[in-house]
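K.L.:
A single structure is presented below for examination.
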Amino acid sequence: ACGEDSGAGGSERTPKIGVILPDSASSARWETADRKYLESAFIAAGVQYDIQNAQGDKAQFQTIADQMMANGVTILMIVNLDSGTGKAVLDKAKSQGVATIDYDRLTLGGSAEYYVSFDNVAVGKLQGEGLVKCLADKGVKNPVVAELNGSSTDNNATLFKEGYDSILNPKYEAKEFVKGPDQSVPEWDNTQAGTIFEQMLTQERGKIDGVLAANDGMGNAVISVLKKNKLNGKVPVTGQDADVQGLQNILAGDQCMTVYKAIKQEADAAADLAVGLAKGEKRETGQTVKDPEGHRDVPAVLLTPKAIYLENVKDVVTDGFVTRADLCAGEFAALCAKAGVN
Amino acid sequence: MSATPLLELRGIDKRFGPVQVLRNVALSVHPGEVTALVGDNGAGKSTLVKCISGIYPTDGGEFWFEGRSVSVNSPRDASALGIEVVYQDLALCDNLDIVQNMFLGREKRSGLVLDEAAMEQLAAETLAGLSVRTVKSLRQHVSSLSGGQRQTVAIAKAVLWNSKLVILDEPTAALGVAQTAQVLELVRRLADNGLAVVLISHNMNDVFAVSDRIAALYLGQLVAQVKTTDITHAQVVELITAGRTGGLDLAGDPESAGVDR
Amino acid sequence: MSATPLLELRGIDKRFGPVQVLRNVALSVHPGEVTALVGDNGAGKSTLVKCISGIYPTDGGEFWFEGRSVSVNSPRDASALGIEVVYQDLALCDNLDIVQNMFLGREKRSGLVLDEAAMEQLAAETLAGLSVRTVKSLRQHVSSLSGGQRQTVAIAKAVLWNSKLVILDEPTAALGVAQTAQVLELVRRLADNGLAVVLISHNMNDVFAVSDRIAALYLGQLVAQVKTTDITHAQVVELITAGRTGGLDLAGDPESAGVDR
Amino acid sequence: MTTMTTVRGEPAADPAPTVGSHVRDYLGRVRGGDIGVLPAVLGLVVLCVVFSILRPSFLTAFNFANLLTQGAAVTLIAMGLVFVLLLGEIDLSAGYASGVCAAVLANLVTLQGYPWYVAAAAAIGTGVLIGFVLGFLVAKIGIPSFVVTLAGFLAFQGVVLMLVREGTNVSVRDTVLVAIANRNLTPVLGWLLAAVAVAGYAAVQLLRHRNRSARGLTTDPLAVVLARIGMLAVILGAAVHILNLERSINPLFVSLKGVPIVVPIIAVLLIGWTFVLQRTGYGRHVYAVGGNREAARRAGIDVDRIRISVFVICSAMAAIGGIVAASRANSVDAKTGGSNVLLYAVGAAVIGGTSLFGGKGRVIDAVLGGAVVAVIDNGMGLMGYSAGVKYVVTGLVLLLAAGVDALSRRRAAATGHR
Amino acid sequence: MTTMTTVRGEPAADPAPTVGSHVRDYLGRVRGGDIGVLPAVLGLVVLCVVFSILRPSFLTAFNFANLLTQGAAVTLIAMGLVFVLLLGEIDLSAGYASGVCAAVLANLVTLQGYPWYVAAAAAIGTGVLIGFVLGFLVAKIGIPSFVVTLAGFLAFQGVVLMLVREGTNVSVRDTVLVAIANRNLTPVLGWLLAAVAVAGYAAVQLLRHRNRSARGLTTDPLAVVLARIGMLAVILGAAVHILNLERSINPLFVSLKGVPIVVPIIAVLLIGWTFVLQRTGYGRHVYAVGGNREAARRAGIDVDRIRISVFVICSAMAAIGGIVAASRANSVDAKTGGSNVLLYAVGAAVIGGTSLFGGKGRVIDAVLGGAVVAVIDNGMGLMGYSAGVKYVVTGLVLLLAAGVDALSRRRAAATGHR
Ligand SMILES: Nc1ncnc2c1ncn2[C@@H]1O[C@H](COP(=O)(O)OP(=O)(O)OP(=O)(O)O)[C@@H](O)[C@H]1O
Ligand SMILES: Nc1ncnc2c1ncn2[C@@H]1O[C@H](COP(=O)(O)OP(=O)(O)OP(=O)(O)O)[C@@H](O)[C@H]1O
Ligand SMILES: [Mg+2]
Ligand SMILES: [Mg+2]
């Protein structure tokens with residue numbers, strides 16, 4: 001995947017773009033979507049590139065950054081694991097004259113040229129609004145809402161929570177909703193999510209009416225516990241990522257909504273900026289984001305996420321994010337037809 | 001004494017890294033006889049035994065058993081040939097009990113299942129024959145046994161089987177007076193039943209009491225192998241400590257003495 | 001023989017779970033004497049030694065040393081009192097070499113640093129005095145030593161220090177003829193230098209050759225403690241195997257025989 | 001000498017034991033520190049009492065049934081690990097091996113549409129293969145098992161990722177597979193199985209007793225044997241009774257009762273492996289190799305074969321654990337078998353009393369230790385702490401359980417037992 | 001008998017060694033399987049050659065300097081773990097202990113504004129305290145170290161989370177602290193330190209040689225001693241030379257040369273701990289307790305004290321590792337010391353040749369094994385594989401390195417060495 005360029009110190013260097021993805025376990029998107037879309041964009045633009053994944057390990061993350069610079073990249077695009085290591089990498093790159101882009105996550109106090117992302121707080125808001133809508137559809141009075149948050153070590157999880165709490169907290173305060181258990185799931189681990197939710201259900205003696213699960217994987221874990229107690233479909237569950245499993249759960253009526261982030265748009269936007277830098281052009285984004293730590297306005301491309309309910313599952317397929325063949329395999333063919341996916 | 005030796009070693013060499021422990025050792029062991037292997041501490045007796053039983057690979061030499069050249073690469077090969085050994089360092093499994101240790105590797109089964117009752121009975125009989133009276137229970141872990149009790153278990157383990165050659169490396173070192181007598185008697189009885197027995201011991205009285213032949217190792221070389229009746233107590237001690245002795249008529253047993261050819 | 005014993009045990013009991021191994025044992029050991037402790041396999045000799053040296057806690061009984069009541073809860077307490085022990089199961093660190101084992105726990109230092117050269121020199125001298133000739137190098141790991149060589153290292157380790165009481169549990173079991181003689185001579189020499197020595201052995205010749213007093217254990221009880229000159233070979237064997245003997249004038253040493261009060 | 005008479009009369013061998021002497025012996029052994037499963041059970045009881053006091057919902061039939069399925073996967077993996085630990089080896093890859101096998105299962109059953117039994121067989125077959133490769137590298141090439149299985153830990157993580165297509169979740173919707181961790185036996189079937197188990201135990205114990213008395217060997221008195229059988233019957237009966245209670249949150253709506261299906265699966269494996277370890281030559285050899293490898297080799301045991309076989313058993317059990325995990329989660333993803341699964345499984349075996357140095361351990365240890373781990377996880381889930389506090393408290397609770405265990409074993413060391 | 005003459009003339013003790021006999025002995029030892037660091041070095045060389053062929057950029061000064069800082073934290077933790085492993089114990093919590101100490105550091109220096117030395121001292125102090133608690137629980141209460149440190153693994157994870165305030169990260173911006181893993185010595189200082197090291201080594205070796213010959217003890221011939229000193233000088237010289245080359249990608253922009261500061265830190269700790277283990281009574285006792293705990297106890301060694309002390313050393317080294325990690329990351333977050341850090345650190349020690357069963361190992365093992373782990377990570381970073389493939393290949397490469405090691409050690413077992 002990467003070119004054989006090891007010229008250290010040469011002034012005329014062939015442009016080469018390095019991308020560091022954060023992990024493959026917290027969400028499937030990095031390896032299944034981002035990598036694919038970035039690769040095709042780079043190939044289309046005819047630039048050299050090197051895409052690697054840090055597997056959630058920040059020492060690895062820095063090592064990969066070092067290796068990419070050793071391998072002669074001139075533009076570095078990172079999805080930081082945390083702002084600290086992210087900043088260290090960006091600063092080192094800058095000292096080596098390598099241009100940088102923050103992809104999906106803003107490195108606070110960093111020095112990136114651009115920032116391209118979805119608005120994570122907005123994702124959380126969509127989840128919160130989704131749950132409110134689904135509970136309203138079911139007509140539950142004073143529902144007890146359980147929150148199953150993402151990994152406490154992941155800053156994005158904090159942002160999601162900020163988003164949905166901004167919707168749910170007023171409801172709690174207005175006594176429309178009852179705040180139930182609220183726990184984080186270590187490492188976004190689906191197995192642990194199942195156990196944690198089962199214990200929430202035990203503790204509440206079965207009185208949980210809605211679940212805010214931070215992504216589809218954990219949503220599925222919740223649904224499997226609900227199924228065991230024959231409560232699936234009766235208790236709305238949220239999600240995020242719009243992966244095949246989540247969409248199938250929606251088709252089956254077990255999950256009420258998910259959040260679809262059009263990763264292709266994000267990847268294309270970032271690739272476009274990177275290719276521009278490679279060609280020596282500095283493109284305008286028309287938008288900025290304030291970095292509270294670095295006290296600067298970072299030129300940014302911000303994309304909007306989209307809530308997916310049963311009605312608009314087809315949009316995700318139309319977008320090419322998941323294939324019909326995958327989604328409508330076996331027993332889901334009929335459900336797909338019913339939901340108008342074709 | 002039968003004509004062909006049961007076991008014949010020729011030119012055995014063994015080195016541990018830079019240290020040569022056995023040099024060109026030739027030894028023959030005859031059925032129906034007790035061969036005493038003597039030598040000073042560190043002469044190489046135990047090493048020789050471990051080479052015979054396949055624990056150590058040798059660096060050279062030949063191994064003849066019942067007139068055929070064989071190669072012994074592991075203790076399994078040795079026991080397949082019918083060689084049983086009581087090692088000086090005993091080698092018992094501390095986490096198993098007495099019965100389990102005695103039948104290790106040769107458990108009695110009825111169908112798939114171990115036949116514990118049969119093994120326990122047989123073990124009890126064998127140990128009783130060796131004057132063991134202080135063992136509280138046959139289901140005791142061997143880690144809780146006294147030194148002599150452990151040694152008795154190791155001996156009992158070796159004589160339980162139908163073998164052709166029994167090698168005992170200092171079997172009576174930790175034994176009491178009565179137990180020692182029993183073991184020596186057992187050694188004699190095994191030989192009288194036609195087995196070949198190799199007995200390693202530092203106790204000259206014991207050696208002269210039961211052995212038919214004496215082989216002496218000195219600094220890794222076999223310096224003599226003679227009939228017990230042809231040699232005196234003092235001469236053996238001299239062989240052990242100095243590797244040679246005056247006035248010994250080695251011609252009395254020409255085919256086995258005079259080792260280096 | 002001095003009047004107050006160096007070590008006096010009274011009514012020592014020791015049980016392992018449900019098994020009582022020592023019952024009400026009373027033993028006195030005098031400076032300048034070799035006390036031989038005899039008994040059948042499993043009689044409890046090694047257990048008694050381990051109780052004395054603080055390896056096993058006792059379940060009852062008193063411990064007097066130099067006329068004072070003391071309590072020994074660990075081997076460190078014992079060596080602080082001046083007790084050195086050669087254990088039957090040797091207890092060497094296989095991953096250390098000969099010199100390191102001999103000085104374990106009492107390393108010679110110059111400043112912070114170990115004085116390896118001094119230790120090696122001293123070790124070489126001590127071992128030479130014990131007729132060890134086949135050891136290739138003092139820097140060899142003890143795991144590569146022969147049985148007798150290991151035993152010699154353990155003995156050498158115990159006699160290196162200035163102690164008041166030396167206990168040797170079957171020290172000559174694995175030793176050759178010459179080495180055994182050296183150790184027995186050493187035992188005698190220690191006693192003649194005013195130390196108290198306890199020697200455990202199954203070899204009656206050795207016992208009678210060096211001991212001043214004989215104590216016999218039978219099934220965990222001390223059945224006799226008499227002067228060596230007052231008892232015959234056959235009587236000792238009877239004490240060991242049957243726990244009693246006819247025709248023994250125990251009155252000859254009234255203060256230490258007749259144990260159960 | 002007055003002593004001689006007493007000494008003379010004493011028999012060297014034990015007299016035939018009576019009930020009284022048996023109880024006395026047992027107390028002696030307990031006082032002496034040789035107490036078998038007692039410490040682990042004690043730790044378990046302490047934990048349960050603490051949690052019940054703090055959270056009354058802990059002590060409900062609903063939670064009891066949850067507990068059993070929550071701990072199942074870790075327990076199964078721990079059962080396999082006991083074999084490896086018995087040899088003084090370690091298998092760091094067992095967690096991800098279970099992930100690989102689960103991914104194979106999900107792949108075949110969901111993506112390729114094979115029937116469940118083919119997929120399950122393939123998953124277990126994958127486990128066997130993995131175990132064989134690991135064992136071969138350890139026994140024949142001589143790489144320390146820590147390093148081999150660390151390499152496996154890394155490599156299998158990658159294999160899972162590739163099998164689940166770089167990080168997506170693969171659903172498992174096959175009803176049979178999903179039933180394993182999510183459905184229950186009918187109450188009648190539960191009672192039946194319990195009865196069979198008790199009857200089988202009784203038959204084995206009584207036959208053994210008769211056989212030994214007939215040969216004149218020492219044996220426990222009949223009353224003690226009967227008491228043991230009775231105890232088992234009471235415990236099993238109570239458990240089945242509780243699990244057969246209605247535990248649905250909404251009983252009008254749906255009925256939820258009976259013994260979860262994983263329970264008889266674990267029970268059968270527990271009995272089977274215990275039989276293998278305690279009653280067959282193979283099991284004896286495993287202990288021997290673990291206790292003293294050199295002695296086992298000298299006794300003519302094929303040590304390499306034993307070493308390979310335990311890795312095979314361990315990985316096969318990991319595969320079964322993986323299937324249960326997949327069933328419970330209704331899906332497989334890149335983290336299946338990851339995060340704390342391995343450490344919890346090894347921890348379960350060790351807490352139950354299995355030694356990391358080999359030679360000491362039983363399959364029941366894994367079940368008891370697995371129960372301790374499951375209780376901790378289950379109880380902590382009820383407490384609703386924040387992430388940081390939860391970790392800290394979990395660690396402390398684990399320490400508490402192990403501390404009870406260690407303190408009750410202490411006298412063992414003091415009295416020379418091991 | 002013809003043999004007698006030969007036997008008679010043979011001296012039992014070795015003659016004074018000459019250069020020739022020394023070389024012959026060494027070759028004999030190698031053939032016999034007693035080969036010291038050779039296998040680990042061999043594995044390392046094989047890896048480097050493979051990576052250099054696949055990716056020429058592997059063999060650049062820039063990459064060499066990266067390599068050293070990349071592996072530093074794991075190596076430091078592994079150095080501490082060697083002590084614990086020497087006793088046959090394990091410390092699963094070392095990774096997160098380093099995280100806790102790093103969090104303490106970041107907290108004090110960034111949030112509370114203490115100077116760097118206070119913060120660093122507090123971090124190391126925290127390590128010492130942690131080690132003491134762990135050691136106490138293991139040695140005095142008697143809980144197996146696996147369980148104690150598993151509890152620590154969980155609890156410390158929570159403590160880090162709480163110290164970094166549930167998931168945010170705390171920056172470390174103090175220039176001194178940041179310099180540790182990110183700045184270099186000036187070229188001159190590098191040469192100076194190398195010279196001091198060689199001179200010190202020469203002095204120690206020559207003094208020892210003189211002392212031993214003076215006492216008439218066997219000693220290596222002077223030529224061999226000199227050759228060893230020469231070899232060290234060449235290796236150190238080459239390393240310093242390479243690191244003093246300009247390695248900036250854009251030298252006009254910024255100059256980058258010199259020995260990274262972590263290198264002398266590791267070197268000093270390596271020399272210091274090696275001295276402690278090989279030349280002091282304490283070190284001797286550590287080996288003794290690890291080799292045979294009962295023998296050590298009987299020799300009057302305070303075994304509990306030794307057991308506690310190794311946990312203290314291990315956690316203190318983990319603290320230093322944590323400081324380096326914080327410096328390299330310029331920050332501390334909830335994952336510092338987590339993920340693979342612990343397994344890599346234990347793996348490093350084991351690959352280097354330290355036994356998990358105690359009694360065998362040296363501090364240099366951790367450095368060599370740490371180098372193997374770092375080279376694998378570094379090399380894999382150059383290959384550009386996708387996530388799944390990368391895990392698999394990393395596992396296989398680890399196996400390769402360990403396999404070279406194992407095969408070259410094999411004859412050891414065959415010839416009765418251990
Ligand atoms: N594994 C080994 N590595 C190196 N040297 C060894 C090894 N095993 C034994 N030796 C050496 O080989 C020599 C012979 O040892 P061996 O055990 O055969 O002696 P032995 O005749 O049985 O003595 P003993 O009467 O003391 O039992 C000894 O000098 C010993 O140090
Ligand atoms: N840890 C233990 N647990 C249970 N029983 C033990 C333990 N140690 C020793 N015994 C038993 O105590 C008795 C005495 O053992 P001890 O080792 O003291 O005998 P001994 O007199 O030294 O015998 P030997 O002459 O064979 O060395 C034996 O029956 C032994 O089985
Ligand atoms: Mg020997
Ligand atoms: Mg004894």
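Note that Cβ sites are derived from N, Cα and C of the backbone, with glycine treated the same way.
TrEMBL labels come from automatic prediction, so no person has curated them.
Sharing the feature lines straight out of TrEMBL:
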TRANSMEM  E:35-55  transmembrane segment
TRANSMEM  E:67-87  transmembrane segment
TRANSMEM  E:94-111  transmembrane segment
TRANSMEM  E:117-139  transmembrane segment
TRANSMEM  E:146-164  transmembrane segment
TRANSMEM  E:184-204  transmembrane segment
TRANSMEM  E:225-243  transmembrane segment
TRANSMEM  E:258-277  transmembrane segment
TRANSMEM  E:308-329  transmembrane segment
TRANSMEM  E:341-359  transmembrane segment
K.L.:
Go through the chain and flag residues at least 6 beyond the ends of the transmembrane segment (E:35-55) whose CB is under 8 A from any CB in it; none is fine as an answer.
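P.N.:
Apart from its flanks, the transmembrane segment (E:35-55) reaches 29, 351-353, 364-365, 368-369, 371-372, 375-376, 378-379, 382-383, 397, 400-402, 404-406, 408-409, 412.
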K.L.:
Determine which recorded stretch among E:94-111, E:184-204, E:258-277, E:308-329, E:341-359 has the most C-beta pairs below 8 angstroms with the transmembrane segment (E:67-87).
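P.N.:
Between the candidates E:94-111, E:184-204, E:258-277, E:308-329, E:341-359, the best contact partner of the transmembrane segment (E:67-87) is E:308-329.
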K.L.:
In the same chain, which residue numbers or ranges, 6 or more beyond the ends of the transmembrane segment (E:94-111), come under 8 angstroms Cβ to Cβ?
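P.N.:
Hits for the transmembrane segment (E:94-111): 73, 77, 80-81, 84, 118-120, 122-124, 126-127, 130-131, 149, 152-153, 156-157, 159-160, 163-164, 170-174, 177, 314-315, 318-319, 321-323, 325-326, 331-332, 334-338, 341-342, 345.
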K.L.:
Going along the chain, which residues at least six beyond the ends of the transmembrane segment (E:184-204) come within the CB cut-off of under 8 Å?
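P.N.:
Here the qualifying positions are 65, 229, 232-233, 236-237, 239-240, 243-244, 256-261, 264, 267.
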K.L.:
Between the stretches E:146-164, E:258-277, E:308-329, which wins on the count of C-beta pairs under 8 angstroms to the transmembrane segment (E:117-139)?
P.N.:
E:308-329
K.L.:
What residues in the same chain, six or more past the boundaries of the transmembrane segment (E:258-277), come closer than 8 Å to it by Cβ-Cβ distance?
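P.N.:
Distant contacts of the transmembrane segment (E:258-277): 65, 68-69, 72, 75-76, 79, 82-83, 86, 179-181, 183-187, 189-190, 193, 197, 239-240, 243-244, 283, 286-287, 313, 317, 320, 324, 362-364, 367.
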K.L.:
Which sequence positions outside the transmembrane segment (E:146-164), separated from its termini by at least 6 residues, show Cβ-Cβ distances below 8 Å to it?
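P.N.:
For the transmembrane segment (E:146-164), the list is 90-97, 99-100, 103-104, 106-107, 130, 134, 137-138, 170, 332-334, 336-338, 342.
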